[in-house]
């Protein structure tokens with residue numbers, strides 16, 4: 001089984017550059033605007049899209065992403081509408097990988113089999129489910145793999161050598177290294193330690209390693225890019241969108257343009273870093 005994620009990372013490896021993985025919240029601040037953001041991301045330089053599934057109790061998310069989820073839910077966003085976004089995106093873009101990211105409760109209520117069927121039909125390539133450990137692979141991970149959808153695991157600085165093989169077992173697509181403990185949007189980790197961690201994980205897997213949590217600026221993204229196969233940016237993009245909204249969460253500026261400007265700057269920085277390192 002070769003997915004769009006596999007194809008994308010193979011292409012990037014051949015080009016000698018890391019991926020820019022961009023996260024935003026589905027339905028934030030509303031369905032129409034969020035879909036415009038999603039369609040604009042690849043044109044701005046995003047290589048992989050992480051599509052957030054808004055949830056009322058997002059335990060791993062910091063204030064910015066929690067607020068984005070709340071705005072989306074208040075605007076009527078549902079899991080079905082988030083899948084609709086993926087399907088609409090696929091009508092114009094059949095190559096950029098889509099990874100849906102969120103919490104298991106949403107999928108469980110929707111129905112695992114129904115969700116996987118609809119996700120595959122909508123053009124979803126991978127899942128990141130932050131509250132589903134490897135001990136529960138039978139719940140979603142293995143069915144997802146059988147459906148042709150990558151299941152992407154999170155590793156952290158506290159994932160020790162005993163735990164790492166369990167985390168990597170049944171992982172596919174890429175490995176998401178959370179560069180610090182805590183919630184999304186925290187301060188960036190020491191890049192030297194990140195590099196050491198990535199090298200350590202690579203001893204146990206051939207999968208690409210993408211690093212996220214705390215990456216906010218093009219300079220930070222470039223620093224991480226020297227050590228990883230991909231850089232994940234989420235909170236900064238969510239904040240760029242939020243900066244164009246009024247106190248009620250309605251657009252007062254141009255959220256799409258704000259997100260696009262940031263992603264373009266991030267993409268230029270990430271690509272230039274690896275090119276300089278390769279010369």
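Yeah, the Cβs are placed from backbone N, Cα and C, and that goes for glycine too.
As recorded in Swiss-Prot, the features of this protein are as follows:
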- 50: active site, proton acceptor (ACT_SITE)
- 61: active site, proton acceptor (ACT_SITE)
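The local packing around residue 61 (active site, proton acceptor), expressed as other Cβ atoms within 10 Å of its Cβ over all shown chains, amounts to 25. For residue 50 (active site, proton acceptor), the same-chain residues 6+ apart in sequence whose C-beta sits under 8 angstroms from its C-beta are 21, 22, 23, 24, 99, 100, 101, 128, 232, 234.
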